[in-house]
Amino acid sequence: MSEWESYYKTEGEEEEEEEESPDTGGEYKYSGRDSLIFLVDASRAMFESQGEDELTPFDMSIQCIQSVYTSKIISSDRDLLAVVFYGTEKDKNSVNFKNIYVLQDLDNPGAKRVLELDQFKGQQGKKHFRDTVGHGSDYSLSEVLWVCANLFSDVQLKMSHKRIMLFTNEDDPHGRDSAKASRARTKASDLRDTGIFLDLMHLKKPGGFDVSVFYRDIITTAEDEDLGVHFEESSKLEDLLRKVRAKETKKRVLSRLKFKLGEDVVLMVGIYNLVQKANKPFPVRLYRETNEPVKTKTRTFNVNTGSLLLPSDTKRSLTYGTRQIVLEKEETEELKRFDEPGLILMGFKPTVMLKKQHYLRPSLFVYPEESLVSGSSTLFSALLTKCVEKKVIAVCRYTPRKNVSPYFVALVPQEEELDDQNIQVTPGGFQLVFLPYADDKRKVPFTEKVTANQEQIDKMKAIVQKLRFTYRSDSFENPVLQQHFRNLEALALDMMESEQVVDLTLPKVEAIKKRLGSLADEFKELVYPPGYNPEGKVAKRKQDDEGSTSKKPKVELSEEELKAHFRKGTLGKLTVPTLKDICKAHGLKSGPKKQELLDALIRHLEKN
């Protein structure tokens, strides 16, 4: 049966794209723009390194910010970024507060902004900062946060996330000035109430950085984070980059759904996408004259009168046999509606029953939403703990949205894991694994199995043991994508040529040969015949009768049977391979299609 389609094709294609796009290949889209302000302490202590070869805390901060800028240019160029220095000699801000310097207002990342940050790196950057901005000490953190709040309020665009990242190595910025400290805490609380998150990226200082002195009451802890867990101070650029990446990564919920455990037991959960295949960004159409992005708009017209059709004027149809059935849009939507959006618990199964071959697509992640239904976190945590203890999975029916077919899914419990920096490596919650239906399973045609003898098995075991290494999925990047992004980066920053990417997916041939030694040759001697050359040309098999011409195809039908089919008009019931063999046997020329074979054969039989 054909699919429901629009009575006017163009309208249907446009709506089909809109309806189906969220569920294709696990790609998910979000509304609104992320906005992020980098707030950097510019006091003298930030420009002092702990050792001769070590970077200064200010240098680490600038390099980290620059790294985020370049990645945003490639992946999220619509997001808004800003850089603000505080503790400066000169001031530059909209409210004329002292010792606060707004280097860059909230705007899209671009090449000029990255190059401007590049001027503050290294010894030359230190001198440039001293000449253009200078160092100060008499600042108020409440005024600094006020300036950041004004930067957010000056933006007229819709923002999905507002975040401030504070880089400093001073754990008690106001010392004994309790009035300034109190005002800073009050202002931080005001920002929290307006949906602005403040994250601390604290750097190493002599004697250690104590978060509890001042910043514990200042920084924002998200609902899904533990108040008692704080990052350790960063002494290396790699540690700081990891912290920034962990905080800067978008934590956007795909949907918020009801999770029904029974008739009267319901909690609210959020569905998150943790892993998604990286693809090249879609090309953007530009207007030739101004180089501005253009938007495509589709209009539907009546083919007879040429008048513009409104959405209410169009119908959807299905051709069933020779009859065209026309339905209203609401009726087709009703046909697609199986259930209300949500998760419904069907039962529990042992974890061992979930097999690797059940994999269909990347899993999603389920986490409680306490803000919508009070008590969801407690009930969710109890369910997670019991599933881990009993080693079971929850089998559920999952309906992501209206007008979407339900899926059967398995909720696999997952415990939280932290690394040595107290950064969350694995979140605690449920992995939502999509289960296959019966028609998703296929029979794979295997080649003939050749059994190896014990000596060959032992030799291969030794080879595998020599080539073992610890696998990390993030150690292997897609070389095509990485080179594409490097080329974009070179274009954006006006570089002469892009940096060449090392393809880490290629085998390290020299290292493999060094590890294996003579094992590879010994294995070849055990498996392959003497003198075997895998790179040599395969010798053609000799014909049974060298003097004869090519063999005639084997025809299973006799002449009488063929003529009987012709008289009854049942030649069309013969398969394409059979028709090809008959045509070859009679020396008939025809195309590869069945109708062409039939036409040639019928003409031949009519003549004879």
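In case you wondered, yes, glycine gets a Cβ from its N, Cα and C as well.
For the ranges 156-161, 186-191, 258-263, 576-581, the feature annotated in Swiss-Prot as region 'Interaction with BAX' maps to 576-581. Put simply, K336 is the one of the modified residues K329, K336, K568 whose Cα lies nearest to the Cα of K459 (N6-acetyllysine). Comparing the modified residues K329, K336, K459 on other C-beta atoms within 10 angstroms of each C-beta gives the minimum for K336. In the three-state DSSP scheme, K336 (N6-acetyllysine) is classed as helix.
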